[in-house]
Amino acid sequence: MTKRFEVLFCGRVTVAHKKAPPALIDECIEKFSQSRGTEGGAKPVSSGGFVSGLRRALTFPLALNGKPGDEEQDAVREGGQDRGREWAPAGERPMFFKRDPSFPCLEALDENGLSPELHTPPGDPRAAGVQPASLQENRTMLFMVGRSQIFLVSPDTKKVSIEKSFREISFCSQGIRHVDHFGFICRETVEGGSCTFICYVFQCTDEALVDEIMLTLKQAFSVAPIIIMNKVHFQNILFIKKKRVYCLILYHFFTVMHCLPPSLFFTLFSSLILSHLGLSFPVPFSISERGDSSLEGRVLSLSQGGAVGGGDRPLGVVPEERKRRGQADLRELWRKAILQQILLLRMERENNKIQASESKRLRLDYEEITPCLKDVTLVWEGMLGTPARSTVKFNRDTIHTAVGQGVPRQFRGEVWKFLSEQYLLSQTVPSRTPANNTPYKELLKQLTSQQHAILIDLGRTFPTHPYFQAQLGAGQLSLYNLLKAYSLLDPEVGYCQGLSFIAGVLLLHMGEEEAFNMLKFLMYDMGLRKQYRPDMIILQIQMYQLSRLLHDYHRDLYVHLEQQEIGPSLYAAPWFLTAFASHFPLGFVARVFDMLFLQGAEVIFKVSLSLLGSHKPLILQHDSLETIVDFIKTTLPNLGLVQMEKTINQVCEMDISKQLQAYEVEYHVLQDELCDMPAHLNQSQRAAQLERTNQSLRQQNLDLLEELQVNKLTCGHTHTHTLSLQPWVELVCFCRFPRPVCVAWRAVLKASSNQRGS
């Protein structure tokens, strides 16, 4: 099983030997700091005296008595003089740790290439020194340990940066002073066929993660030899079978090629044998094509000793003599090269467009439950195309009508951004903003302590959707970036199960950075983050509110569930934590998100109440806890298109905001009563006291309602009596008082009438 960790790539160093002392990682980190300080931060180390100083610092002796061994002396002599003593301070012996014999150092046998992100071209002067990673770029990597290989995948570029087999790795170590760093040495081939040893250094969030990585590598290396032996045994069996087939091929080869000249037959036969064996031996002759292309026109030319290419030159074709080209020929070649470059750029742009279109089609691969008519699409295009729309406040009723009639799937991401802008414009009091305002790109450059939980949930989020199906594909890496960035933005919440589905739905309709902004809007402005807090108190309140809604709207269903001791937390918690995305079809989830951006978090209550109410007859048919919960979790999500559309229409017409506020207050009152109860009461006594408190609260509520109705009737009678007396008052004023006093009385009566009417 592949294990994955998030690490920070620090840089690479060319070392003199495949093995090194334990202090190698600390020395590399110091050299990275010196290199950045000397070269201005991000420039590579240049050749010259500084490189020779680095080579002197990185030529490590391995002998335990303080003197370099034979191999170390050879490595030191390559630098020009004995520099091995400079590893330890004067008067001190170098400190070494005894190697764990159960951790094998496998010598490199094969060569795997590096991606362009980390590969240094052969002959580059940086290849002989220290190469720290650029601090301006995203250096985070996903370090994966497989059965016989390690991979480093860049979530930023969505590519494999390093791929090495265990046989290529000769040394692994953790830092002594920098305990949150580790690295490994592997062999790489440079130009000319020579080999060099490169040390890659990485940083983790803490020492515990480094210990886990080192333990994983140790276990993987201990199992790898068994896997390799099994592969060798299997390859030997295949080789025996291939050998029989090859004998038949040789038989037909001799029957066909017997008519060729002996020298040409020997050449072709030798090349066939060598290519089959995967070998390349020096051949003391080469073939030169001259004249016609027939076999009879081929002439063999021998080049022995000091001939062209030397005696070690492999079998090949002798190049023809170059002809001198004129200015017109060179100009024509330049013109062709420019045209080809222009054509390549055009093809690359078209290829990017095709890939973007294919990626969008792949992400929007779900069935729409509300087909958007052409007239509705034109309405959305008009609103989305409004200049400076983020500052224009549209009619609320128009937006409600448009959302109720449907949202075009290709514009859904833009519609959600538009709805978030309209919500912010309608708010008189600004909502709470995150204390950390770090941009998304900068957050991606940091390491998160929530990496294990996020990496585990990547494969569980929409496992059947093609965009998220590939392990560490583009979809999963984008989802990891989004969840990681939010965990760093909001340390109080960090990462919670269910949040990956919210982020996944957003990623299906927009890019990474836009999805991150919309996730912040849902969490902070719409208030979803409260239910993801570690204490989960808000989620408990939501479960109580849903139970009370069932009690008021579907009393028989509420009683049936209470008889089976089924609370909303048994079936509705995933609905609230994932906004129905974990169990319901994506087309239905997209419509729920349309309403969520329009009306806020209470939409989840409305959808839950509508779903339970529409399936009430079927739920009442089940009479056990297991069957009811199984029906709600498995059968209920498999809605038909008609039922889905009916549910969304009911949500548009519901208004339960006042009930939700009253139920929240009721929950807190009950909690206060529960805290005030004596501790010696048992469960039945507590339940009885809570029931009495609930009855008292209900009676108080009824008394308040009656008092309110009496006050309304009294106010109405007073208002009517005042209106009936108004003509008599005017008549008395007109007869007995001067005109200014009459005008004042009329104003007082009119104000009183308006106040009573309101």
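Cβ atoms are placed via backbone N, Cα and C, with glycine included.
Bear in mind that TrEMBL entries carry predicted annotations, made automatically and left uncurated.
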From 248-274, 518-544, the residue range that TrEMBL assigns the feature transmembrane segment:
248-274
Which listed span TrEMBL calls coiled coil, if the choices are 428-455, 680-707:
680-707
How do the residues of the domain 'PID' (145-224) split into helix, strand and coil according to DSSP?
21 helix, 38 strand, 21 coil
